[in-house]
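Copied from TrEMBL, the annotated features are:
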type: BINDING; residues: His124, His128, Asp318; note: Fe cation binding site
type: BINDING; residues: Leu147, Val148, Ser149, Gly150, Gly151, Asp181, Gly194, Asp198, Asn290; note: substrate binding site
Amino acid sequence: MTRPNNRPDAVVLGIESSCDETGVGLVGLHADGSVELLADAVASSVEQHARFGGVVPEVASRAHLESMVPMVRKAFADAGLRPSDVDAIAVTAGPGLAGALLVGVSAAKAYAAALDRPLYGVNHLAGHVAVDTLEHGPLPSPSLALLVSGGHTQLLLVEDVASSITELGSTIDDAAGEAYDKVARLLELPYPGGPPIDAAARRGDPTAIAFPRGLTGPKDARHDFSFSGLKTAVARWVEQRQAAGEPVPVDDVAASFQEAVADVLTAKAVRAARDHDVRTMVVSGGVAANSRLGRLAAIRCAEAGIELRIPRPRLCTDNGAMIAALGARLLAAGAPASPPDFGADPALPVETILL
Ligand code: KG4
Ligand code: ZN
(Lines of atoms letter the chains of each structure in order from A and count residues from 1; the text may use other names and numbers.)
(Lines give C-alpha, C1' and ligand atoms only; values in the text may rest on other atoms or scores of the structure.)
(Ligands and ions follow the chains in the order given, each with its own letter.)
Protein backbone atom coordinates (compact mmCIF):
# COMPACT_ATOMS: atom_id res chain seq x y z
CA MET A 1 0.00 0.00 0.00
CA THR A 2 1.52 3.30 -1.07
CA ARG A 3 0.83 6.73 0.30
CA PRO A 4 -1.51 8.54 -2.07
CA ASN A 5 -0.71 12.06 -3.21
CA ASN A 6 -4.10 13.13 -1.97
CA ARG A 7 -3.18 13.33 1.74
CA PRO A 8 -5.95 12.34 4.12
CA ASP A 9 -7.21 14.93 6.58
CA ALA A 10 -6.64 12.60 9.51
CA VAL A 11 -5.03 9.22 10.13
CA VAL A 12 -6.53 6.65 12.52
CA LEU A 13 -4.59 3.76 14.02
CA GLY A 14 -6.65 0.64 14.79
CA ILE A 15 -5.59 -2.21 17.07
CA GLU A 16 -7.34 -5.60 17.24
CA SER A 17 -6.51 -8.51 19.56
CA SER A 18 -9.82 -10.10 20.57
CA CYS A 19 -9.13 -13.62 19.35
CA ASP A 20 -6.20 -15.17 17.48
CA GLU A 21 -5.24 -12.33 15.10
CA THR A 22 -3.00 -9.44 16.12
CA GLY A 23 -4.17 -6.73 13.72
CA VAL A 24 -2.86 -3.20 13.29
CA GLY A 25 -4.45 -1.01 10.64
CA LEU A 26 -4.07 2.56 9.47
CA VAL A 27 -6.98 4.33 7.80
CA GLY A 28 -7.02 7.80 6.26
CA LEU A 29 -10.07 10.02 6.71
CA HIS A 30 -10.64 12.65 4.02
CA ALA A 31 -12.40 16.00 4.44
CA ASP A 32 -15.42 14.71 2.47
CA GLY A 33 -15.83 11.86 4.98
CA SER A 34 -14.46 9.16 2.68
CA VAL A 35 -12.01 6.65 4.10
CA GLU A 36 -8.97 4.97 2.67
CA LEU A 37 -7.02 1.88 3.73
CA LEU A 38 -3.37 2.83 4.29
CA ALA A 39 -2.04 -0.31 6.01
CA ASP A 40 -3.36 -3.62 7.29
CA ALA A 41 -0.76 -5.66 9.21
CA VAL A 42 -1.97 -8.98 10.64
CA ALA A 43 -0.15 -11.75 12.52
CA SER A 44 -2.21 -14.89 13.17
CA SER A 45 -1.57 -17.51 15.83
CA VAL A 46 -3.99 -19.93 14.13
CA GLU A 47 -1.26 -22.51 13.47
CA GLN A 48 -0.43 -22.64 17.18
CA HIS A 49 -4.05 -23.60 17.93
CA ALA A 50 -4.49 -26.11 15.09
CA ARG A 51 -3.55 -29.21 17.04
CA PHE A 52 -6.10 -28.32 19.74
CA GLY A 53 -8.91 -27.88 17.18
CA GLY A 54 -9.83 -24.45 18.57
CA VAL A 55 -8.32 -21.25 19.97
CA VAL A 56 -6.45 -21.71 23.28
CA PRO A 57 -6.82 -18.38 25.15
CA GLU A 58 -3.44 -18.45 26.92
CA VAL A 59 -1.62 -19.28 23.69
CA ALA A 60 -3.46 -16.44 21.94
CA SER A 61 -2.54 -13.89 24.66
CA ARG A 62 1.15 -14.79 24.49
CA ALA A 63 1.13 -14.58 20.69
CA HIS A 64 -0.43 -11.08 20.88
CA LEU A 65 2.32 -9.96 23.26
CA GLU A 66 4.95 -11.17 20.81
CA SER A 67 3.31 -9.75 17.69
CA MET A 68 1.91 -6.39 18.83
CA VAL A 69 4.95 -4.14 18.46
CA PRO A 70 6.17 -5.84 15.23
CA MET A 71 2.70 -5.37 13.66
CA VAL A 72 2.56 -1.70 14.70
CA ARG A 73 5.99 -1.18 13.11
CA LYS A 74 4.94 -3.06 9.98
CA ALA A 75 1.76 -0.99 9.58
CA PHE A 76 3.68 2.30 9.77
CA ALA A 77 6.38 1.01 7.42
CA ASP A 78 3.80 -0.24 4.87
CA ALA A 79 1.95 3.11 4.94
CA GLY A 80 5.12 5.20 4.89
CA LEU A 81 3.89 7.02 7.99
CA ARG A 82 5.30 7.80 11.43
CA PRO A 83 3.48 7.41 14.76
CA SER A 84 3.32 11.21 15.06
CA ASP A 85 1.16 11.28 11.88
CA VAL A 86 -1.66 9.56 13.78
CA ASP A 87 -4.62 11.73 14.86
CA ALA A 88 -6.66 9.18 16.81
CA ILE A 89 -6.37 5.57 17.99
CA ALA A 90 -9.10 2.92 18.20
CA VAL A 91 -8.80 -0.43 19.93
CA THR A 92 -11.08 -3.44 20.35
CA ALA A 93 -12.35 -3.32 23.95
CA GLY A 94 -14.67 -6.34 23.48
CA PRO A 95 -16.24 -8.77 23.00
CA GLY A 96 -13.51 -11.42 22.93
CA LEU A 97 -11.04 -13.33 25.07
CA ALA A 98 -10.21 -11.37 28.24
CA GLY A 99 -6.45 -11.89 28.22
CA ALA A 100 -6.18 -11.34 24.49
CA LEU A 101 -8.20 -8.10 24.63
CA LEU A 102 -6.04 -6.79 27.47
CA VAL A 103 -2.90 -6.94 25.32
CA GLY A 104 -4.43 -4.66 22.68
CA VAL A 105 -6.07 -2.29 25.17
CA SER A 106 -2.80 -1.90 27.11
CA ALA A 107 -0.79 -1.30 23.95
CA ALA A 108 -3.33 1.23 22.66
CA LYS A 109 -3.33 3.11 25.96
CA ALA A 110 0.45 3.28 25.87
CA TYR A 111 0.49 4.64 22.30
CA ALA A 112 -2.30 7.12 23.08
CA ALA A 113 -0.46 8.41 26.17
CA ALA A 114 2.91 8.60 24.43
CA LEU A 115 1.48 10.39 21.37
CA ASP A 116 -1.11 12.42 23.33
CA ARG A 117 -3.96 11.41 21.00
CA PRO A 118 -7.62 10.51 21.74
CA LEU A 119 -8.31 6.81 22.27
CA TYR A 120 -11.55 5.03 21.38
CA GLY A 121 -12.28 1.70 23.09
CA VAL A 122 -14.65 0.12 20.57
CA ASN A 123 -16.84 -2.88 19.83
CA HIS A 124 -15.30 -5.61 17.67
CA LEU A 125 -18.64 -6.44 16.03
CA ALA A 126 -19.20 -2.84 14.90
CA GLY A 127 -15.70 -3.04 13.42
CA HIS A 128 -16.75 -6.02 11.28
CA VAL A 129 -19.52 -3.81 9.84
CA ALA A 130 -17.47 -0.60 9.52
CA VAL A 131 -14.77 -2.37 7.50
CA ASP A 132 -17.09 -2.46 4.51
CA THR A 133 -16.82 1.34 4.18
CA LEU A 134 -13.19 0.84 3.13
CA GLU A 135 -14.34 -1.11 0.11
CA HIS A 136 -17.86 0.02 -0.78
CA GLY A 137 -18.14 3.53 0.65
CA PRO A 138 -20.60 4.90 3.23
CA LEU A 139 -23.26 2.53 4.54
CA PRO A 140 -26.82 3.54 3.73
CA SER A 141 -29.07 3.92 6.78
CA PRO A 142 -30.48 1.52 7.72
CA SER A 143 -28.36 -1.45 6.63
CA LEU A 144 -28.48 -5.06 7.74
CA ALA A 145 -25.31 -6.87 8.76
CA LEU A 146 -24.90 -10.64 8.86
CA LEU A 147 -21.79 -11.39 10.95
CA VAL A 148 -20.58 -14.95 10.62
CA SER A 149 -17.31 -16.08 12.13
CA GLY A 150 -15.83 -18.64 14.51
CA GLY A 151 -17.07 -16.59 17.46
CA HIS A 152 -20.20 -14.82 16.23
CA THR A 153 -23.36 -15.37 14.19
CA GLN A 154 -25.50 -12.28 14.34
CA LEU A 155 -28.05 -10.27 12.44
CA LEU A 156 -27.64 -6.56 13.16
CA LEU A 157 -29.76 -3.59 12.17
CA VAL A 158 -27.32 -0.76 11.55
CA GLU A 159 -28.77 2.76 11.61
CA ASP A 160 -25.32 4.29 12.01
CA VAL A 161 -22.21 2.17 12.51
CA ALA A 162 -20.73 4.81 14.84
CA SER A 163 -23.78 5.29 17.05
CA SER A 164 -26.72 2.93 16.55
CA ILE A 165 -26.64 -0.84 16.10
CA THR A 166 -29.43 -3.18 17.24
CA GLU A 167 -29.12 -6.94 17.45
CA LEU A 168 -32.07 -8.61 15.71
CA GLY A 169 -30.90 -12.14 16.36
CA SER A 170 -27.92 -14.37 17.09
CA THR A 171 -27.02 -18.00 17.52
CA ILE A 172 -28.43 -19.73 20.59
CA ASP A 173 -25.62 -22.32 20.56
CA ASP A 174 -22.68 -22.74 18.13
CA ALA A 175 -21.44 -19.96 15.83
CA ALA A 176 -21.51 -20.77 12.10
CA GLY A 177 -17.71 -20.98 11.91
CA GLU A 178 -17.64 -23.14 15.01
CA ALA A 179 -19.99 -25.58 13.26
CA TYR A 180 -17.60 -25.66 10.29
CA ASP A 181 -14.67 -26.34 12.62
CA LYS A 182 -16.50 -29.13 14.48
CA VAL A 183 -17.78 -30.82 11.32
CA ALA A 184 -14.29 -30.63 9.81
CA ARG A 185 -12.99 -32.48 12.83
CA LEU A 186 -15.63 -35.21 12.34
CA LEU A 187 -14.57 -35.55 8.72
CA GLU A 188 -10.88 -35.57 9.73
CA LEU A 189 -10.23 -32.35 7.84
CA PRO A 190 -7.76 -29.76 9.25
CA TYR A 191 -8.50 -26.75 11.50
CA PRO A 192 -9.84 -24.16 10.79
CA GLY A 193 -12.51 -26.19 9.07
CA GLY A 194 -14.11 -23.60 6.76
CA PRO A 195 -11.64 -23.65 3.86
CA PRO A 196 -11.24 -27.49 3.60
CA ILE A 197 -15.02 -28.04 3.85
CA ASP A 198 -15.60 -25.33 1.24
CA ALA A 199 -13.10 -27.11 -1.07
CA ALA A 200 -14.57 -30.60 -0.45
CA ALA A 201 -18.10 -29.25 -0.95
CA ARG A 202 -17.24 -28.07 -4.47
CA ARG A 203 -16.64 -31.72 -5.40
CA GLY A 204 -19.74 -33.03 -3.61
CA ASP A 205 -23.50 -33.12 -4.14
CA PRO A 206 -25.33 -30.59 -1.92
CA THR A 207 -28.57 -32.59 -2.25
CA ALA A 208 -27.01 -35.93 -1.25
CA ILE A 209 -28.12 -35.75 2.40
CA ALA A 210 -31.05 -33.73 3.79
CA PHE A 211 -29.52 -32.22 6.93
CA PRO A 212 -31.81 -30.21 9.27
CA ARG A 213 -32.22 -26.42 9.01
CA GLY A 214 -32.25 -25.22 12.64
CA LEU A 215 -34.85 -22.71 13.91
CA THR A 216 -36.67 -22.42 10.58
CA GLY A 217 -40.08 -23.68 11.77
CA PRO A 218 -43.08 -21.32 11.87
CA LYS A 219 -42.95 -21.06 15.69
CA ASP A 220 -39.17 -20.65 15.95
CA ALA A 221 -37.43 -17.38 16.84
CA ARG A 222 -37.52 -15.46 13.56
CA HIS A 223 -34.02 -13.99 13.56
CA ASP A 224 -32.06 -16.41 15.79
CA PHE A 225 -29.85 -19.27 14.62
CA SER A 226 -28.98 -22.73 15.90
CA PHE A 227 -26.23 -24.94 14.50
CA SER A 228 -25.70 -27.55 17.18
CA GLY A 229 -28.54 -29.77 15.88
CA LEU A 230 -26.99 -29.70 12.41
CA LYS A 231 -23.58 -30.61 13.82
CA THR A 232 -25.13 -33.52 15.77
CA ALA A 233 -27.03 -34.70 12.67
CA VAL A 234 -23.77 -34.77 10.68
CA ALA A 235 -22.06 -36.69 13.52
CA ARG A 236 -24.88 -39.28 13.67
CA TRP A 237 -24.88 -39.73 9.91
CA VAL A 238 -21.09 -40.26 9.82
CA GLU A 239 -21.20 -42.65 12.82
CA GLN A 240 -23.91 -44.77 11.20
CA ARG A 241 -21.85 -45.09 8.05
CA GLN A 242 -18.78 -46.05 10.02
CA ALA A 243 -20.73 -48.56 12.18
CA ALA A 244 -21.98 -50.21 8.99
CA GLY A 245 -18.39 -50.48 7.79
CA GLU A 246 -19.14 -48.22 4.81
CA PRO A 247 -16.84 -45.44 3.58
CA VAL A 248 -17.84 -41.85 4.45
CA PRO A 249 -18.47 -39.79 1.29
CA VAL A 250 -16.65 -36.73 2.66
CA ASP A 251 -17.38 -34.49 -0.33
CA ASP A 252 -21.13 -35.17 -0.25
CA VAL A 253 -21.32 -34.70 3.54
CA ALA A 254 -19.38 -31.42 3.25
CA ALA A 255 -21.57 -30.16 0.38
CA SER A 256 -24.82 -31.12 2.14
CA PHE A 257 -23.69 -29.56 5.44
CA GLN A 258 -22.55 -26.38 3.66
CA GLU A 259 -25.86 -26.14 1.81
CA ALA A 260 -27.76 -26.32 5.10
CA VAL A 261 -25.63 -23.54 6.64
CA ALA A 262 -25.79 -21.24 3.60
CA ASP A 263 -29.54 -21.86 3.16
CA VAL A 264 -30.39 -20.93 6.76
CA LEU A 265 -28.05 -17.91 6.93
CA THR A 266 -29.24 -16.36 3.68
CA ALA A 267 -32.95 -17.13 4.18
CA LYS A 268 -32.94 -15.58 7.66
CA ALA A 269 -30.88 -12.57 6.61
CA VAL A 270 -33.17 -11.77 3.69
CA ARG A 271 -36.21 -12.24 5.91
CA ALA A 272 -34.77 -9.81 8.49
CA ALA A 273 -34.03 -7.28 5.74
CA ARG A 274 -37.61 -7.55 4.48
CA ASP A 275 -39.07 -7.30 8.02
CA HIS A 276 -37.16 -4.07 8.62
CA ASP A 277 -37.45 -2.69 5.10
CA VAL A 278 -33.68 -2.65 4.61
CA ARG A 279 -32.19 -2.42 1.10
CA THR A 280 -28.49 -3.02 1.84
CA MET A 281 -26.94 -6.14 3.37
CA VAL A 282 -23.33 -6.52 4.53
CA VAL A 283 -21.97 -10.02 5.13
CA SER A 284 -18.75 -10.10 7.16
CA GLY A 285 -16.67 -12.39 9.39
CA GLY A 286 -14.49 -15.36 8.39
CA VAL A 287 -17.42 -17.45 7.10
CA ALA A 288 -18.29 -14.64 4.62
CA ALA A 289 -15.40 -16.07 2.56
CA ASN A 290 -17.52 -19.19 1.95
CA SER A 291 -18.16 -19.69 -1.75
CA ARG A 292 -21.67 -21.13 -1.45
CA LEU A 293 -22.78 -18.52 1.10
CA GLY A 294 -21.63 -15.75 -1.23
CA ARG A 295 -23.41 -17.22 -4.28
CA LEU A 296 -26.66 -17.98 -2.49
CA ALA A 297 -26.69 -14.56 -0.79
CA ALA A 298 -26.20 -12.91 -4.22
CA ILE A 299 -29.11 -14.88 -5.72
CA ARG A 300 -31.50 -14.28 -2.83
CA CYS A 301 -30.59 -10.60 -2.39
CA ALA A 302 -31.08 -9.99 -6.13
CA GLU A 303 -34.53 -11.63 -5.96
CA ALA A 304 -35.46 -9.44 -2.99
CA GLY A 305 -34.06 -6.22 -4.49
CA ILE A 306 -31.36 -5.94 -1.81
CA GLU A 307 -27.86 -4.60 -2.52
CA LEU A 308 -25.32 -7.17 -1.24
CA ARG A 309 -21.92 -6.08 0.04
CA ILE A 310 -19.23 -8.58 1.00
CA PRO A 311 -15.81 -7.11 1.81
CA ARG A 312 -12.83 -9.00 0.37
CA PRO A 313 -11.88 -12.06 2.49
CA ARG A 314 -8.85 -10.42 4.09
CA LEU A 315 -11.06 -7.66 5.48
CA CYS A 316 -13.80 -10.12 6.56
CA THR A 317 -11.51 -11.97 8.97
CA ASP A 318 -10.26 -10.22 12.12
CA ASN A 319 -7.89 -7.33 11.37
CA GLY A 320 -6.86 -3.89 12.64
CA ALA A 321 -8.14 -1.99 9.60
CA MET A 322 -11.74 -2.71 10.63
CA ILE A 323 -11.10 -1.11 14.02
CA ALA A 324 -9.36 1.86 12.37
CA ALA A 325 -12.32 2.19 9.95
CA LEU A 326 -14.71 2.35 12.90
CA GLY A 327 -12.38 4.82 14.63
CA ALA A 328 -12.47 7.01 11.50
CA ARG A 329 -16.29 7.06 11.58
CA LEU A 330 -16.19 8.03 15.28
CA LEU A 331 -13.64 10.76 14.62
CA ALA A 332 -15.73 12.09 11.71
CA ALA A 333 -18.80 12.14 13.97
CA GLY A 334 -16.89 14.10 16.64
CA ALA A 335 -17.31 11.31 19.22
CA PRO A 336 -15.67 11.92 22.61
CA ALA A 337 -12.63 9.80 23.53
CA SER A 338 -13.21 6.87 25.91
CA PRO A 339 -12.49 7.56 29.60
CA PRO A 340 -8.82 6.83 30.38
CA ASP A 341 -9.67 4.04 32.84
CA PHE A 342 -11.79 1.95 30.46
CA GLY A 343 -11.06 -1.76 30.51
CA ALA A 344 -11.46 -4.79 28.28
CA ASP A 345 -15.00 -6.25 28.37
CA PRO A 346 -15.15 -9.87 27.13
CA ALA A 347 -18.97 -9.72 27.00
CA LEU A 348 -19.41 -6.20 25.58
CA PRO A 349 -22.95 -6.01 24.13
CA VAL A 350 -23.16 -5.10 20.45
CA GLU A 351 -25.24 -2.01 21.22
CA THR A 352 -22.22 -0.50 23.03
CA ILE A 353 -20.19 0.69 20.07
CA LEU A 354 -17.90 3.03 22.03
CA LEU A 355 -16.93 2.85 25.71
O1 KG4 B 1 -13.53 -13.95 11.51
P2 KG4 B 1 -12.61 -15.09 11.77
O3 KG4 B 1 -11.29 -15.11 11.08
O4 KG4 B 1 -12.29 -15.23 13.30
C5 KG4 B 1 -13.22 -15.23 14.31
O6 KG4 B 1 -13.73 -16.33 14.60
O7 KG4 B 1 -13.50 -14.12 14.86
O8 KG4 B 1 -13.44 -16.42 11.41
C9 KG4 B 1 -12.86 -17.70 11.47
C10 KG4 B 1 -13.91 -18.73 11.10
C11 KG4 B 1 -13.44 -20.16 11.32
O12 KG4 B 1 -14.43 -20.86 12.05
C13 KG4 B 1 -13.30 -20.71 9.90
O14 KG4 B 1 -13.55 -22.10 9.82
C15 KG4 B 1 -14.33 -19.91 9.15
O16 KG4 B 1 -14.25 -18.61 9.71
N17 KG4 B 1 -14.05 -19.85 7.71
C18 KG4 B 1 -14.88 -20.35 6.76
C19 KG4 B 1 -14.23 -20.16 5.52
N20 KG4 B 1 -13.04 -19.53 5.75
C21 KG4 B 1 -12.95 -19.34 7.08
N22 KG4 B 1 -16.07 -20.95 6.89
C23 KG4 B 1 -16.66 -21.36 5.76
N24 KG4 B 1 -16.11 -21.24 4.53
C25 KG4 B 1 -14.91 -20.64 4.35
N26 KG4 B 1 -14.38 -20.53 3.13
ZN1 ZN C 1 -14.33 -11.21 14.56
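Even glycines carry a Cβ here, placed using N, Cα and C.
Features per TrEMBL, on structure.
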{"residue": "His124", "record": "Fe cation binding site", "contacts (Cβ under 8 Å, 6+ apart)": "Glu16, Ser18, Thr92, Gly94, Pro95, Gly96, Asp318, Ile323, Leu348"}
{"residue": "His128", "record": "Fe cation binding site", "contacts (Cβ under 8 Å, 6+ apart)": "Ala145, Leu147, Ser149, His152, Ser284, Gly285, Cys316, Met322"}
{"residue": "Gly151", "record": "substrate binding site", "contacts (Cβ under 8 Å, 6+ apart)": "Cys19, Pro95, Gly96, Ala175, Gly177, Glu178"}
{"residue": "Gly194", "record": "substrate binding site", "contacts (Cβ under 8 Å, 6+ apart)": "Gly177, Tyr180, Asp181, Ala184, Gly286, Val287, Ala289, Asn290"}
| message | Helix, strand or coil for His124 (Fe cation binding site)? Use DSSP. | response | helix
| request: Just the binding-site residues from His124, His128, Leu147 whose C-beta lies under 6 Å from any atom of ligand 1, please, or none if there are none. | output: none
| task | By Cβ count within 10 Å, point out the most packed of the binding-site residues listed: Ser149, Asn290. | result | Asn290
| query | Got a sec? Which of Leu147, Ser149, Gly194, Asn290, the binding-site residues, have CB under 6 Å of any ligand 2 atom? | reply | Ser149
| task | Could you tell me which three-state DSSP class Leu147 (substrate binding site) falls into? | result | strand
| note | Gly194 (substrate binding site) falls, by DSSP collapsed to helix, strand or coil, into helix
| Environment of His124, His128, Asp318, the listed Fe cation site - residues of the same chain whose CB lies within 8 A of the CB centroid | Glu16, Ser18, Cys19, Thr92, Leu125, Gly127, Ser149, His152, Gly285, Asn319, Met322, Ile323
